Amino acid sequence: MGDSKVKVAVRIRPMNRRETDLHTKCVVDVDANKVILNPVNTNLSKGDARGQPKVFAYDHCFWSMDESVKEKYAGQDIVFKCLGENILQNAFDGYNACIFAYGQTGSGKSYTMMGTADQPGLIPRLCSGLFERTQKEENEEQSFKVEVSYMEIYNEKVRDLLDPKGSRQTLKVREHSVLGPYVDGLSKLAVTSYKDIESLMSEGNKSRTVAATNMNEESSRSHAVFKITLTHTLYDVKSGTSGEKVGKLSLVDLAGSERATKTGAAGDRLKEGSNINKSLTTLGLVISALADQSAGKNKNKFVPYRDSVLTWLLKDSLGGNSKTAMVATVSPAADNYDETLSTLRYADRAKHIVNHAVVNEDPNARIIRDLREEVEKLREQLTKAEAMKSPELKDRLEESEKLIQEMTVTWEEKLRKTEEIAQERQKQLESLGISLQSSGIKVGDDKCFLVNLNADPALNELLVYYLKEHTLIGSANSQDIQLCGMGILPEHCIIDITSEGQVMLTPQKNTRTFVNGSSVSSPIQLHHGDRILWGNNHFFRLNLPKKKKKAEREDEDQDPSMKNENSSEQLDVDGDSSSEVSSEVNFNYEYAQMEVTMKALGSNDPMQSILNSLEQQHEEEKRSALERQRLMYEHELEQLRRRLSPEKQNCRSMDRFSFHSPSAQQRLRQWAEEREATLNNSLMRLREQIVKANLLVREANYIAEELDKRTEYKVTLQIPASSLDANRKRGSLLSEPAIQVRRKGKGKQIWSLEKLDNRLLDMRDLYQEWKECEEDNPVIRSYFKRADPFYDEQENHSLIGVANVFLESLFYDVKLQYAVPIINQKGEVAGRLHVEVMRLSGDVGERIAGGDEVAEVSFEKETQENKLVCMVKILQATGLPQHLSHFVFCKYSFWDQQEPVIVAPEVDTSSSSVSKEPHCMVVFDHCNEFSVNITEDFIEHLSEGALAIEVYGHKINDPRKNPALWDLGIIQAKTRSLRDRWSEVTRKLEFWVQILEQNENGEYCPVEVISAKDVPTGGIFQLRQGQSRRVQVEVKSVQESGTLPLMEECILSVGIGCVKVRPLRAPRTHETFHEEEEDMDSYQDRDLERLRRKWLNALTKRQEYLDQQLQKLVSKRDKTEDDADREAQLLEMRLTLTEERNAVMVPSAGSGIPGAPAEWTPVPGMETHIPVIFLDLNADDFSSQDNLDDPEAGGWDATLTGEEEEEFFELQIVKQHDGEVKAEASWDSAVHGCPQLSRGTPVDERLFLIVRVTVQLSHPADMQLVLRKRICVNVHGRQGFAQSLLKKMSHRSSIPGCGVTFEIVSNIPEDAQGVEEREALARMAANVENPASADSEAYIEKYLRSVLAVENLLTLDRLRQEVAVKEQLTGKGKLSRRSISSPNVNRLSGSRQDLIPSYSLGSNKGRWESQQDVSQTTVSRGIAPAPALSVSPQNNHSPDPGLSNLAASYLNPVKSFVPQMPKLLKSLFPVRDEKRGKRPSPLAHQPVPRIMVQSASPDIRVTRMEEAQPEMGPDVLVQTMGAPALKICDKPAKVPSPPPVIAVTAVTPAPEAQDGPPSPLSEASSGYFSHSVSTATLSDALGPGLDAAAPPGSMPTAPEAEPEAPISHPPPPTAVPAEEPPGPQQLVSPGRERPDLEAPAPGSPFRVRRVRASELRSFSRMLAGDPGCSPGAEGNAPAPGAGGQALASDSEEADEVPEWLREGEFVTVGAHKTGVVRYVGPADFQEGTWVGVELDLPSGKNDGSIGGKQYFRCNPGYGLLVRPSRVRRATGPVRRRSTGLRLGAPEARRSATLSGSATNLASLTAALAKADRSHKNPENRKSWAS
């Protein structure tokens, strides 16, 4: 007897896929025979035991983790060498031997014991080695016999894996005093070769219980024990005696120990798991007890062998008569640390177990003798017992006799018995029509059979069903092939084999039978390799061996080339040469399943045909593109020939822009390949998921129908929520199947695939219970009614959509205020989230620039210093769909935050809960600050990533059920959305031209521009003869004019030419106007026409499609709920389409649609009409639609009238301005060969040229843009001294240059071209009712293309956010040049007006760039707003309209006392051309006027005034101040006193190096003093300078302004007096026309006081609180209640109406305006009689209504109300200019409404106005109420 300890080995397996995906680290290492387990948590303190590595020593340690580490790696051969060879030797020596593997699920036990075909494990190697050795050693002196048995222990029950009868019956375990524990009835089969063992083992494995768990896809769910008995017989030839040694090998493969949480076990899996764990726990306890015994701790300790079947059967192997080896298998991953530690501890304990092995020599003789003695003893006992009454004794006797019989069976008998069992098995299965394959038993060549295809890869093709001549298939017992499961009827199908050998399949009525994916309802012939589906999931493949061999022979006879051609047609079915039923890769379970689904979807593989059609389309596009390219090259060659002819040699440079680059083809190919690969990949993955979804839906529908749940499931498609996140990885799935659940009478629900999958488990259980229950039991019946996994009565929140805020703005020191689109899972914008993101501290830029220096700083210090603190504000969500707007909340995670931030809305309890609006708004007012360590990853995230904010809402009833579907509100909302969509593809761009001439100092200064009524180009440039000139061009985007991401980089070229001389045109009246006269302005409508044609085409196509679809639906008889929904949707879209068509044909003013009449008042120098330039880019990616290469230059074809390409001369650019898109080009006007340009322009002629520039754009596409501007120039000769002096003394025009505003349109808005709602598309793409329909392909393709748009939405929005940030940076850069920035009161919210609530949102003052509503801004564009609006500092490009009226106010103050006004001063009152006050003045960096009030005071002598004069100096000092300080007097003073006068001087700040137009406050102006200043003008003019600080010490400043007149209780200067009716305050100057008021004498004493701007309330704020000053509805009428004082000077005007003045009369208003009288009568706004005139030209102020009252009707901008005295009779017919597209840019002018002014000042103003009538715009008349 040899005592030996259990040999223990540990094996470490490689990482599996799950662990690799988790990126878990390796914690196990091997050093010789030691295993080191490192701690997972390295952050523990040094003294903590958990932080120390644990070391275990074993007999063998196998490192199988990484094959590349050759010196360490232990493969299967090394494991066998160390353990197997020793055990094999023990078996030959006659010892019992055992080897078992122990470890958690998936640790590699089965691999170590059984291995794979390529890498066999311990058991196959032991068996193979056993037979190799027996064959070697067998001779006449010794022989070997081998017997095997194979059993499994499953759920504590023992099953025989080699029993052919009923493999499911369980066997009993018994214990015998002699034999020990054994299994009663376990088959023991004799084997003669390794092949026999292999086949038996394979057969057993197939019967073994295997199932997938999370840890391991083919996890053993049972313990398997393979026993080999080796009988070694020794013959002594001499003596003739023989002896036997018997060795027993027990090879045990244990099931994995597991944790339910990790393996995801549930239901049966959990039950199995608990039993597996029970056996293994008992095994552990047995090992512990035996280890304790061996260590001598507790010799008598009880060993609980019988607590589990496993340990009972292993009793001999553990601590008994056996030599045992144990392999502990562990995972190296940190994720499995606890399990690994537990396994290593058990293995460590097992080392101490001592076994007592003895050699089993000649056991038979001894055992038989013992047994015989026992039998005799039992017989005696039985005889003594009465009449065999003891059943126990009888059992024991039978047991012993049976054992003796088994012992005495000869070897030959054993072999015969094994053969009989095999034959019996074959017969039994054949009787069932089944044959078990791969067991070494050959299938008959002549038999036809079916092979099963199974979802479980381990069970695939295990069953073979033989077909008889007439085979019945069904679920009844009488059928030949019995199938059970869903969809199988008792009699399902019949298969017949005809005499010719053909196989015919005949399905029964109403059965579900498919052949090769197609449904079958009539008899059909089957062929070799056909796939058959019966019911829901019984898939089979047919094998016809004869047919197959015949085909093979024909194949060999065929010509090789023919063979290749046909190979594809044979479907690779016949590559079956190795085995009749070998696994055919092409026809596995998944293939068969997919085939059925694809056929059901309408074609064998719709995706394939989609790709083919795409390919064809692509080829055609390529062909047509090449044809276009050829034509373009020819065109270009022709142009080159023309250009290079000798007389035109210097015409223009060729590098305007190139149409194509040589790499065009290559780039196109690369782009197409990438796009095709993405589409292909997406289609493939989507196809797989659709297949799965359709299978689940089919099953769910079947169960729901069976249980009468009235619920229907359909597959639809949606965009995965992860794909809406801009941070997602590229190439992720664009779309995924979702399940639409609909219950009769209830709304729709959308479930995810996972949800249906989980629900199906409940449905199946319910179905099974329903099948098994008694139908007549009322309790059961009510239970089935209540149990409802089929539909959710209460739905949780749904995802409305995801808003992506790109974080690039955190690199800059600006606040990003933006309305981010919320994109839903249909790929549509479902609203906007108003967000602010801002960096509070930390500098990302410096860290990047720091480079290596930063790296040198210690890490701790670095993390402390480099922190970025930013603020995220979520203000509100607007435009949300009504049916999802309940309990809306947001969720987002910022960078590495562990927990997501949940943002709840602010609840306003006062407002009603139900809103009638189709769209809702939710206020959050959430603000959060985040502090993040700046790392390389974080910087990358900032530059590439976005903050994805998910917006959720709770659904209310099905929106389609709402009666409000046809509400006008919904149609209006759609029209509003049309306006918004246009605003997303448009942006206005200003193009300014200045001509610079060299002055006496050699500097280039802008020439003067004078406006003229007959010149529509914005003004006439006054050039001097013989001067050196430059053309300065500037291009800039207009803020808040649309959200197209338009960014100009630089000006590439400047050209000038096309000189046209025109006679001076008389002012346009009805007599002189001819429609055919060409307009010499910069307007053209070529691009507009092109855009309209394209849009109309798109609408027409869409209309045809909608009509066709509606027709289909109308003609359909049985409409489903889906059809009714779709019909309603289509009708709604058809209605919206009509609105849209009207919008194209006749866009309403201010609608924001290109070509709509403009509603604006252009600044001086700007043209009235706005031409459109259509870039025609691809809506998807802003690439060109027509060209292979870069987009052609936008606007190249938009030529002006009279433009000739040959007449242009390219100018050399001599200066580019940094930070602005501005360039100067040198211009020699002599090259044009035009005498009027060289020697001077005659007085009666106008000279026009065209300036053309090419601008490089970076956004929306990298392309060029061609802009043209027509200019008018006047060249005058050299002036004499008198003229020069006069010129210097007279006023210089304030117009800096001429400009034109373009409306740039990138493309037709995407949704305008969209055909059908994506929801409907998705549903139709996933389900097509008619399989023959070609629509299925179209729907899927259409849907996928619409889904691809999401990526474009994100890309575009990223561009918009970039542009918003860059514009803020530019604005900031400009502002920083000024000392203090002025308050920007005029910033309007660009968010939808209809969504803005009545309450304010705190800081919600910024513009929301992305949701600009062009037509609904706060100030109506048809009117000039009240003077309250200060000037926005963004656009530093136009003179402020107001400053023109101040032009005279900086002249020598001494002259102000001269009572008589010289005629020379007429020119000092230029045209009052004011606009809304949006544009800032270029004067922001120039001398800013400061105004001082001089109050009359009798006690101060004139000498004080004279003393004050030297202080002021020649330059005039002007101080900005608010309105109240400008008000001179509230009422006419009773005692006549000298009126106050405003002294104005200029403060010149430090000169700036900036080329700009000279200030109208020029020092060169003459020294006269202005007698008239308008308050409105002052506020507008001085807006930008409100905060400009005066140089300290320039003048003494008094603490407050003195009262203006000696009134007893003077009001404070900052308050509006109560006794005066509210109204715009005006300042007027004394005049000489009123004889009752004296003009001031030159010697009047004045005291000069300084008024500080800080002491005055801002004019805007004062007006904001003054109800009379809010902008009127139309026109700037004086507010009601202004009373007679509002027009003080009108008291002198006669209100008598001449007899001829009646409605319909043709009249002249002022000097130039003509029109028809439409109204004569009183008005609400002012007493007296007023005349309403409809003008011929849009130079009016309104549409006939003022203050909300309609006096007459006309087009906006054509109406005017005046006093009767301003109207005189005209002669001739009425004419009206009508060019359709140029209707409307009303040249609105604001007049100075006089109120509360001293009468003497008013009269002087009136006099000046009359004196200036011939020169001034008549619109500046005081009596107009406009």
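Cβ atoms are placed via backbone N, Cα and C, with glycine included.
Swiss-Prot marks one residue of S1481, S1559, S1670 as phosphoserine, namely S1559. As annotated in Swiss-Prot, phosphoserine applies, among S915, S1410, S1745, to S1410. Matching 184-231, 1048-1095, 1096-1143 against Swiss-Prot, the residues noted as coiled coil span 1096-1143.
Per Swiss-Prot, the annotated phosphoserine among residues S1382, S1629 corresponds to S1382. Checked against Swiss-Prot, the residues S722, S1284, S1797 yield a single entry marked phosphoserine: S1797. K109 (ATP binding site): 27 other CB atoms within 10 A of its CB, across all protein chains.
Following the DSSP three-state reduction, the secondary structure of Q104 (ATP binding site) is strand. DSSP assignment over the domain 'CAP-Gly' (1721-1763) gives 0 helix, 18 strand, 25 coil.
For the domain 'CAP-Gly' (1721-1763), the model gives a mean pLDDT of 87. Cβ neighbour density within 10 Å is lowest for G108 among the binding-site residues G103, G106, G108. Under DSSP, the residues of the domain 'FHA' (471-535) split into helix, strand and coil as follows: 0 helix, 28 strand, 37 coil. When Cβ neighbours within 10 Å are tallied across all protein chains shown, the highest count among the binding-site residues Q104, T105, S107, S110 belongs to S107.
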